[in-house]
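J.: Below: one structure in structure tokens.
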């Protein structure tokens with residue numbers, strides 16, 4: 001790395017970690033310019049500033065107490081509840097067909113490699129952006145199938161989240177869904193098209209799927225029960241990247257590093273578990289989000305292992321076998 005790039009890397013980290021609450025008005029005006037924010041009135045702008053100030057204080061506190069680094073980002077003028085409501089989407093479906101088999105992992109975890117990352121094998125597709133549509137469940141589910149396809153065929157493809165939003169009769173589109181029910185819906189539909197044939201619209205629409213263009217189907221799906229968080233390592237290595245449910249409340253302003261303190265108050269978001277590692281004797285999980293590459297570590301984030309950070313082991317992990 002050149003001295004120039006190293007300087008800007010260090011400068012960026014220091015700046016994001018060393019905010020001054022007294023400079024909140026300046027930060028806000030820069031935020032408005034950077035993200036081209038448009039407010040309907042001065043009253044609305046003031047209201048958003050107060051939310052921004054509250055979030056800034058939270059960022060400063062996190063940077064003081066956590067090993068991860070947090071920064072002002074595109075969510076910083078939204079309340080936590082607003083962001084969760086607009087940019088996540090894990091929720092109960094209207095009904096479930098229970099196609100997925102429940103697998104109990106009751107043996108203690110065995111010994112495996114200290115580090116593992118599916119990205120190193122080129123089995124993870126690019127980070128996407130769900131926008132203001134509560135379809136995290138579709139993004140995480142299809143991200144896992146994209147990886148399954150890459151493992152089987154040594155080729156990366158992008159599947160259609162819009163097909164899931166429009167045609168999945170089990171989940172409820174941009175209003176939310178679950179991981180295992182998304183797999184069940186794919187079994188019912190018969191398969192999924194690629195994104196180019198059924199592009200993403202970030203909103204609900206009528207179903208336009210073409211079964212003659214399906215490229216991936218689901219043969220069967222499994223849901224895993226275990227009291228051992230570390231057992232996820234075995235599933236990850238043997239079955240491929242895993243869509244998991246988390247509480248996203250404490251990751252909204254994340255920039256980089258290992259999150260040690262993460263709320264576990266209720267699952268509201270779905271992401272893809274792609275790997276794990278150890279840094280300064282702290283074991284961590286690597287997860288792929290669906291908030292674009294301008295969030296986190298180019299769209300990825302890390303949380304500490306074995307403390308149930310963000311509630312990662314609260315919900316049954318789901319995987320699927322493609323056909």
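Every residue gets a Cβ built from N, Cα and C, even glycine.
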J.: For the set 65, 158, say which residue Swiss-Prot annotates with N-linked glycosylation site.
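T.: The candidate carrying the N-linked glycosylation site note in Swiss-Prot is 158.
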J.: Can you tell which of the recorded positions 136, 158, 310 lies nearest to residue 269 (active site) in space, using Cα positions?
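T.: Nearest by Cα distance to residue 269 (active site): 136.
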J.: Can you tell me whether DSSP puts residue 136 (active site) in helix, strand or coil?
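T.: Reduced to three states, the DSSP call for residue 136 (active site) is helix.
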J.: Using a 10 Å cut-off on Cβ-Cβ distances across all protein chains shown, tell me which of the recorded positions (158, 289) has the largest neighbour count.
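T.: That would be 289, with the most Cβ atoms nearby.
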J.: May I ask for the distance between residue 310 (disulfide bond) and residue 289 (active site), taken between their Cα atoms and rounded to an integer number of Å?
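T.: Roughly 13 Å, rounded to the nearest whole number.
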